[in-house]
Amino acid sequence: MRSLAVVVAVVATVAMAIGTAHGSVSSIISHAQFDRMLLHRNDGACQAKGFYTYDAFVAAANAFPGFGATGSTDARKRDVAAFLAQTSHETTGGWATAPDGAFAWGYCFKQERGAAADYCTPSAQWPCAPGKRYYGRGPIQLSHNYNYGPAGRAIGVDLLRNPDLVATDPTVSFKTALWFWMTAQAPKPSSHAVITGKWSPSGADRAAGRAPGFGVITNIINGGLECGHGQDSRVADRIGFYKRYCDILGVGYGDNLDCYNQRPFA
């Protein structure tokens, strides 16, 4: 979301549970698997060293009971793998020849590097607080006041007045990313609904090449910049994280992993 094209803010209901929910996310991903996925997040070179913890992730996930708990065991695993993959791309510190590979370096950053803008768009509904800046923070790199406002309302924290909480409180940080993951912003479905098979594409979606799968989630997050123009290294990076995490959780990838030939959402 660091480079996310402008998302129209809507007050959407967080999808707290879609379909049949089962248990805690800790039954899907163990502490050891979390550490294996995000192998170098606590490396000394990482800005977010010590910030993103398994306990904070589980605590945040427990506030969204549908996450990692909807549908079959495979659907639940893909939900977790896809969430951690997309957010790993947003926070990556990896490079092509990095130790253990580029896809072992997710969650290296907790806030946008070199942010110069305040990301404040005039809004009566989500007014910017004096002196506050709404640059990318947290796993999804939440940005703009019109995202901080509804995210904060959904999780019960005033993020318009306290945006720095997304980079100082790890549970709040994960909650903002999960809010984005679980919440539809029309005409876009929620990422959660897509990866768990609860989204049915419309005729317009099908005409735009948008079929259920991981690729549509990339389109939701940053389709305006990454989708619909053939091969894109950023899309490939997201897929690389996803495949690695699916392998760790022991689940297949599903279909339609890229968005190379998908038109972005309007």
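For all residues, glycine too, the Cβ spot is worked out from N, Cα and C.
For Cys108, the partner cysteine in a disulfide bond according to Swiss-Prot, taken from Cys46, Cys120, Cys128, is Cys46. In the structure shown, across all protein chains, Cys259 is the one of the disulfide-bonded residues Cys46, Cys108, Cys128, Cys259 with the greatest number of other Cβ atoms within 10 Å. Fewest other C-beta atoms within 10 angstroms, among the disulfide-bonded residues Cys120, Cys246, are seen around Cys120. Most other Cβ atoms within 10 A: among the recorded positions Glu90, Asp118, that distinction falls to Glu90.
Taking the Cα atom of each, Cys128 (disulfide bond) and Asp118 (site 'May be involved in substrate-binding') are about 10 angstrom apart. Of all the recorded positions listed here (Glu90, Trp95, Cys108, Cys246, Cys259), Glu90 has the Cα closest to the Cα of Cys120 (disulfide bond). Taking Cβ-Cβ distances under 8 Å and a sequence separation of 6 or more, the neighbours of Trp95 (site 'May be involved in substrate-binding') in its chain are Ala102, Trp105.
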